[in-house]
Amino acid sequence: MDKLVIEGGIPLKGSVEVSGSKNSLLPILAATLLTKDKCVIKNAPDLRDTVSMLKILKHLGVAYEFKDHVIRLRPNGLERCEAPYKLVSTMRASFCVLGPLLARYGKARVSLPGGCVIGVRPVDLHLKGLAKLGAKIQVKEGYVIADGRRLKGTHIYLGGAFGSSVLATGNVMMAATLAAGTTVIENAACEPEVVDLARFLIKMGAKIKGEGSPYLEIAGVKELHGVEYEVIPDRIEAATLIMAAGVTRGEVLVRKARAEHMMAVLEKLEEAGMDFKIARDSVLVKKSSRRFKPTDVVTLPYPGFPTDVQAQFMTLMSITDGISVITEKIYPDRFMHVAELNRMGAQVKREGPYAVVHGTRQLSGAPVMASDLRASAALVLAGLVARGRTEVSRIYHLDRGYERLEEKLKVLGAKIERVKE
């Protein structure tokens with residue numbers, strides 16, 4: 001098992017490029033099951049989650065080649081309609097094969113998903129939406145068993161306890177592309193990754209209106225065809241790199257950073273006192289010696305402040321001059337990084353879905369352990385700004401969603417090494 005060893009206190013400097021979006025790529029890979037034709041996906045990040053999804057597709061009968069951030073997929077005829085636990089348990093997005101399997105083959109047996117352990121993340125909205133389309137669904141022995149040989153368009157409201165669901169919207173939208181008639185999805189997720197999936201499906205021949213809004217209209221078609229498509233840059237990685245530059249008082253040009261996809265984050269960083277300049281597909285973080293100001297945030301569905309940036313923002317708030325409050329409204333239990341940040345000298349107290357952060361002047365290096373994908377990124381940021389040596393263990397979480405993060409940081413001047421535990 002690997003860990004990262006970081007010597008903190010070095011301002012980052014230079015230029016770095018953001019990889020393709022993991023949260024776009026995974027549903028798009030699942031969507032290739034909707035066609036019998038070849039598909040080519042460009043700007044694909046080389047991640048553990050990418051490999052996991054490709055293993056699922058291979059198990060289902062899809063041949064692929066993954067080289068130089070390009071994935072070429074060749075359907076060889078479906079061998080089975082089952083995605084087993086050993087493959088699905090590694091990540092939540094693998095559940096997105098359910099909708100395409102139902103739509104194209106009329107049946108599916110998919111294990112309930114895994115992924116980061118950050119509280120209750122039910123799949124009830126997926127099942128509710130697919131059942132509305134006419135699928136007969138049973139949950140038995142850890143598997144969803146579905147029969148969808150007669151999917152029909154209908155009106156679906158995808159409201160959940162914590163708002164809209166990105167993966168449920170994608171799953172239902174994919175199934176609806178081949179359903180008879182027209183499907184309307186209300187309270188659809190509006191995230192850029194959902195828009196990217198919709199545009200991929202439209203390029204395949206799907207008839208979708210309203211992408212990027214809470215109201216989607218999908219007119220079912222007989223079949224979809226193969227395409228070439230380039231996924232959007234990863235807005236969460238972009239935000240993480242921008243904050244890495246900021247916390248280290250560095251000056252970094254973050255390329256392939258689409259500001260329009262992360263305006264809520266940039267607004268809060270500006271409020272906190274970070275100095276940056278937005279250009280076309282890039283953000284330049286400027287060197288500054290000013291201490292950051294405490295800034296409250298509330299995580300919300302897009303276009304609000306993303307839950308996937310909450311942990312990294314907490315690292316930033318831990319070195320401010322004052323008190324800030326972080327409210328987690330998407331996953332109220334997503335605070336497992338608090339204890340590890342406190343080991344490094346942060347002063348964070350959790351109270352239910354709130355984290356009260358008392359800023360301190362300096363963090364100190366310490367051995368810490370990552371609990372999930374974004375928590376691991378927060379600990380890396382803390383290590384970059386801390387005085388002394390930080391060791392971040394269990395970085396297999398980091399590898400799920402960040403492509404060669406330590407190499408990108410090293411190019412910017414960070415003293416960071418991947419070593420065996």
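Glycine too: its Cβ is placed from the backbone N, Cα and C atoms.
Just so you know, TrEMBL annotations are computer predictions that nobody has curated.
According to TrEMBL, the domain 'Enolpyruvate transferase' annotation covers 7-409.
Annotation comment: TrEMBL describes LYS22, ASN23 as phosphoenolpyruvate binding site. Other Cβ atoms within 10 Å of the Cβ of LYS22 (phosphoenolpyruvate binding site), summed over all protein chains shown, number 26.
A helical conformation is recorded for LEU125 (UDP-N-acetyl-alpha-D-glucosamine binding site) in the three-state DSSP classification. Look at TrEMBL and you will find ARG92, ARG121, PRO122, VAL123, ASP124, LEU125, ASP308, ILE330 tagged as UDP-N-acetyl-alpha-D-glucosamine binding site.
What TrEMBL records for CYS116 is active site, proton donor.
Taken from TrEMBL, the feature 2-(S-cysteinyl)pyruvic acid O-phosphothioketal applies to CYS116.
Non-local neighbourhood of ASN23 (phosphoenolpyruvate binding site): ALA93, VAL166, GLU191, GLU193, ASP234, ILE236, each in the same chain, at least six residues away, with C-beta under 8 Å from its C-beta. ILE330 (UDP-N-acetyl-alpha-D-glucosamine binding site) sits 19 Å from LYS22 (phosphoenolpyruvate binding site), taking the Cα positions as reference. In this structure the alpha carbons, written CA, of ASP124 (UDP-N-acetyl-alpha-D-glucosamine binding site) and LYS22 (phosphoenolpyruvate binding site) are 23 Å apart.
In the three-state DSSP scheme, ASN23 (phosphoenolpyruvate binding site) is classed as helix.
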